[in-house]
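Undergrad: Would you mind keeping the following structure in view while I ask a few things?
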Amino acid sequence: MTRSARRSNPVRQWRRRALGAILLLLIVLVAVVAAFPLVWMLLSSLKTPAESMQTPPVWIPSSPNFSAFGEVADVIDASRSFWNSAVIATTTTAGILVTSLMAGYAFAKYRFKGRDLLFAVLISTMFLPPIVVLIPLYRMVTYMGLNGDLFGVIVPYLANAFGIFLMRQFIAGVPDDLIDAARVDGASEIRIVFSVVAPAVVPAIAALALFAFVYHWNTYLWPLTVLQGNTDDYPIVLSLGRLLSYNRGAMNTSLVMAGATLAVLPPLVLFVFLQRFFVDSIVSTGVKG
Amino acid sequence: MVSPAVALIGVFIFVPMVLTIWLSFHQWSTQTGFGTAEFVGLRNYRDIFGPISVGRDFKRAFSNTAIYTALSVVLILPLSVALGLLVYQSRVAGGNLLRTVLFSTYMVPMIAVALVWSKLYSPTEGPINQILSWVGIGPQPWLSSPDTALVSIVILNVWQQVGYFTVLAIAGLTQIPTTLYEAARIDGANPIQEFFGVTLPLLRRTLLFSAVIAVINAVQVFEPVALITQGGPANATNVLTYHIRRVGIERAQGGLGSAMAVMLMLSLIVVIILIFALARQREERT
């Protein structure tokens, strides 16, 4: 059978269309189910308090308004929480970028005794759930006088194994000639890391920055443990927890949903605009067969 | 060049890890310095496995975590492959949009996920029971009954995490040479044979990696429990991360909490070794 004959076969063509329609339906269905909780959150944040508590539930707010957002801002000092989250996420991210670039460079381009063992030991910490070290770490931070302090939230997380791993993977692909040329020109090793190697691995840096930022924006367990009721320094995710206890009596759903929306927006907006970097880094790091 | 990273990871991960093990053999109040720890041998371990209330709570938290983890992995892995195929196929458009929607849930802070789902699950004003009623299914108690609370949190977890594993699955799919599919088609394989003969075997490494990550993520569940259920109803959602923090930080029983943390770490090591052994066995058989 020739190609054109096959294409014009009506049964085959019908089957093909049916399959396409089923796939399309599936895609739409999955996307709707996946997006539903976030859409519900957004819709609920625009409802009046009474409307958000109605039975059976009201899906579309009758007179959408942002008053719940204003109330959130009053109750939890949202701008302060936002600022704290931004401070935690950006300083941690900056620290991770610097330490990971340096270590990744060394592991990719230096030969030193025990290199592979050290690398393996560092990488193994990637698989350690934070709860395992939480109790002594809490005490150590107290020793350092950082209990109840934003620095206590930040300092233990200025380096991590994932960052080192990601950087090593990408820096291994930077040509040695480029680095040698910089050495011949008399550049110091630190200078080589930040002005020769770093510009060559910008996509990896972007990916790591995004992952670190989102992770530390979202993280809850450690700040909760360190800050211990020092609500002035609460990041937005902790303030969100306060919001729930604040209105446990009245259970004002629209208020809680407005708070959740505020906490979700920064990481989500970052992701939607920069998702290529996330996806590329996942694709290029772990799982090549 | 490696020293800043090594120093930080050493001080903030390795030192506390060794301290956790050391503390697990001591009676120690978290409110006081390490110097006040009093050596008690294996007593903490005897207590957490003993018949007293400390032991009952720990064993319940342990089994809850095990069930939660197993269910999460069993749901996430097949779903991630199915969704990965749906995104990766090139027959109809919309795959990339679907990937964006799925992965965006992974960016949402767990605390917000927990709050939103607690409302979705609400037996009276929640939309889930309403939707179920449209298709003739009666209202479910979700988070408020000990029989359904843990499963409800698993569903919430799967919703949040599956996008990440879908991207991993897609990464695995792109690694499969198209010539293998062509060869299978020439041999007369139908799509189902193609899936089990080519796709699934070649996704094995991806699935192995995914399983390990899914296990490690699952044992860290904290926010939904801490914020919505507080371990209840009737201890049904008391999981290890929540329980260890409650014992070790809130009740300041640092030695006891450390012994629990050590058990968690040991169990994780065993589970991960088992997953690798299972994968290797499969590899040898094929």
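Cβ coordinates come from backbone N, Cα and C, glycine included.
TrEMBL feature annotations, pasted as is:
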type	residues	note
DOMAIN	A:82-274	domain 'ABC transmembrane type-1'
TRANSMEM	A:21-43	transmembrane segment
TRANSMEM	A:82-105	transmembrane segment
TRANSMEM	A:117-138	transmembrane segment
TRANSMEM	A:150-171	transmembrane segment
TRANSMEM	A:192-217	transmembrane segment
TRANSMEM	A:255-274	transmembrane segment
Undergrad: Let me spell it out: take the transmembrane segment (A:21-43), skip the flanking residues so only those 6+ beyond its ends count, and list any with a Cβ under 8 Å from a Cβ in it.
TA: 59-61, 257, 260-261, 264
Undergrad: Residue list, the transmembrane segment (A:117-138) vs rest of chain: Cβ under 8 Å, 6 or more residues beyond ends.
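TA: Contacts with the transmembrane segment (A:117-138): 103, 107, 147, 156, 160-162, 164-165, 168, 221-222, 225-226.
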Undergrad: Where among A:82-105, A:150-171, A:192-217 do we find the most Cβ pairs under 8 Å to the transmembrane segment (A:255-274)?
TA: A:192-217
Undergrad: Could you pull out which residues elsewhere in the chain have a CB under 8 Å from any CB of the transmembrane segment (A:192-217), counting only those six or more residues past its ends?
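TA: Apart from its flanks, the transmembrane segment (A:192-217) reaches 85, 88-90, 92-93, 96-97, 100-102, 105, 157, 160, 162-163, 166-167, 169-171, 173-174, 178-179, 182-183, 235-237, 266-267, 270-271, 274, 277-278, 280-281.
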